[in-house]
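Engineer: Here you go, one structure.
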Amino acid sequence: MNAQLSALQQQAQQLSESVTRPIPGSRKIHVPGSRPDLQVPMREIALTRTPTLFGGEENAPVTVYDTSGPYTDPEVRIDLSAGLPALRRGWVEERGDTERLEGLSSSFGRDREHDPKLDAVRFPARSLPRRARAGANVTQMHYARRGIITPEMEFVAIRENQRLEAIRDAGLLQQHPGEAFGASIQKIITPEFVRDEIARGRAVLPNNINHPESEPMIIGRNFLTKINANIGNSAVSSGIAEEVEKLVWAIRWGGDTVMDLSTGKHIHETREWIIRNSPVAIGTVPIYQALEKVDGRAEALTWEIFRDTLIEQAEQGVDYFTIHAGVLLRYVPLTAKRVTGIVSRGGSIMAKWCLAHHKENFLYTHFEDICEIMKAYDVTFSLGDGLRPGCIADANDAAQFGELETLGELTKIAWKHDVQTMIEGPGHVPMQLIKENMDKQLRECGEAPFYTLGPLTTDIAPGYDHITSAIGAAMIGWFGTAMLCYVTPKEHLGLPNRQDVRDGIMAYRIAAHAADLAKGHPGAQVRDNALSKARFEFRWEDQFHLGLDPEKAKEFHDETLPKDAHKLAHFCSMCGPHFCSMKITQDVREYAESGMKERSEAFRAAGAEVYHQG
């Protein structure tokens, strides 16, 4: 057993070392808050001096949002078998409204805990979970509605601003006006604004009290657009060590949250390893695991099995649950004439259960019971779109919009319990129908954050659906979607590997950033301006480092111009030394400046008179 456990830990440690090197040209910094234990991580990109030819000025570092946790900090020693430091434990405990349990509440969790066959894969550094005291509500929404600004709220306010107040270069602050479609975009994010947005339900701060390792992050259309990356093992592919690696890899490249969609062996144990080593919010779809417990027979599912699964996962520290409570019995026939029917796994499970029993969805009928569980651990609802369109032909149909209306009804119930709630959206939608989705969601769901899978704007590009969906994601992000669920090149084809995860995240970081630019989010253009200046001044290393993927940028440049001298060249391999448009522009500027100098000298030689008599 010890040998097996050691092998797993060693494998995970080796994997972590391959993905934890510092991001080129950057260093981890921590911006202090109002208390010593509130240190907000960011990434500072150092820039070189502008060459003398272009004025010879210093270029201040650029601060950017960072999701990578301690993994990219060379000063931190990573031990995956111990997990990350419990950053928020003191904040949770000092509120005095939770208690440490004497044992696990879930019967399934207790069975796994005492099964010796699982010793080889069990996370070794486990601690007992916390739960709200009797009668208490421990959600960030509950605190916000009572006028309390929590350390988590201050943390995200500092994080969202990205040290914008420290920028002194007016050129970097230059920005086109945005079109926010009614959003309340602020010039500076304050803790009070964060509190107010959470209290209104327009933003969520997913932070389970049993995930103290997480660095607080906010999701809402008045904040930076966030992205989610999916990972998870299946019955036929992928193991625990690989999933931990994918977690670290996903957050390295910019995943704001990660959903563990495991459906295969050791779901419970895999999730524990992931949560204990995750600085970002973790989401799940509990119905997947509940289905495993009944050997994949949807009709055998019961409320009791599902309830036990919710408690099991809440006590592990899952931050948000996708719950398909809007798939109602009366909506199922509306999908019969669709081209692709019901494509959501969770949606199809609940539809099958409804038809098998000819009863209403038990997630819907027990929704208030679910709320009681959510508010005892501060788990955020992600109300699932189980009837989302699976092709553009099915977009915006009666089934999809009927479910959306029900999700609006459920949102109001969740808010009655002060449970944080976001709404999941499509799917496959052609570009001309995207805004209708956003407008209807805002109207039906009271501006609760929208969380969309793309949408994919065409169905003809298997192998390239990270592109087809990033197009729709950029658009719907501009219109108001708060978080975008990434799509990888393997969508519809297979389980993504590490490179697929990277490609999907990059496509979605581009989409999210484009949306922030279009909305006019303050400071969104700073990085663009800094990179453009570096590009014009042929500061190649700065160009690489300011990019979303510095390693890829350098790799592509060095394929054709690999020598160190080429990092100082005033051209690239695209146009060569004689046809570089930026070099030509600089030559024109120099010519114009020299011409102006000659005219100035002639003016002074003529007596410096404005007018001359003929």
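Cβ coordinates come from backbone N, Cα and C, glycine included.
Straight out of Swiss-Prot:
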type	residues	note
BINDING	ASN230, MET259, TYR288, HIS324, SER344, ARG345, GLY346, ASP385, GLY386, LEU387, ARG388, GLU424, TYR451	substrate binding site
BINDING	HIS428, HIS492	Zn(2+) binding site
BINDING	CYS572, CYS575, CYS580	[4Fe-4S] cluster binding site
COMPBIAS	1-16	compositional bias 'Low complexity'
REGION	1-36	region 'Disordered'
Engineer: What is the biggest Cα to Cα gap, in Å, among ASN230, MET259, TYR288, HIS324, SER344, ARG345, GLY346, ASP385, GLY386, LEU387, ARG388, GLU424, TYR451, the residues listed as binding substrate?
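Structural biologist: Greatest Cα separation within the listed binding residues comes to 20 Å.
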Engineer: Return the single residue from the binding-site residues list (GLY346, GLY386) that has the minimum number of other CB atoms within 10 Å.
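Structural biologist: Minimum Cβ neighbour count within 10 Å, taken over the binding-site residues GLY346, GLY386, occurs at GLY346.
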Engineer: Would you mind checking how many other C-beta atoms are within 10 angstroms of the C-beta on TYR451 (substrate binding site)?
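Structural biologist: Total other Cβ atoms inside 10 Å, all chains included: 27.
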Engineer: Just jot down the residues in the same chain as HIS492 (Zn(2+) binding site), at least 6 apart in sequence, with C-beta under 8 A of its C-beta; none if empty.
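Structural biologist: Within the chain, HIS492 (Zn(2+) binding site) has Cβ neighbours under 8 Å at PRO462, ASP465.
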Engineer: Can you give me the Cα-Cα distance between GLY386 (substrate binding site) and HIS428 (Zn(2+) binding site) in Å, rounded to a whole number?
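Structural biologist: Each residue's Cα considered, GLY386 (substrate binding site) and HIS428 (Zn(2+) binding site) end up 13 Å apart.
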Engineer: Any idea what the Cα distance is from ARG388 (substrate binding site) over to HIS428 (Zn(2+) binding site), rounded to a whole Å?
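Structural biologist: Per the Cα atoms, ARG388 (substrate binding site) and HIS428 (Zn(2+) binding site) stand 8 Å apart.
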Engineer: DSSP three-state call for SER344 (substrate binding site): helix, strand or coil?
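Structural biologist: Coil, per DSSP.
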Engineer: How many neighbouring Cβ atoms, not counting its own, are there within 10 Å of the Cβ of SER344 (substrate binding site)?
Structural biologist: 23
Engineer: May I ask which residues of the same chain, at least 6 positions away in sequence, place their Cβ under 8 angstroms from the Cβ of HIS428 (Zn(2+) binding site)?
Structural biologist: ARG388, PRO389, GLY390, CYS391, ILE392, ASP394, ALA395, GLY454, PRO455, LEU456, ASP459
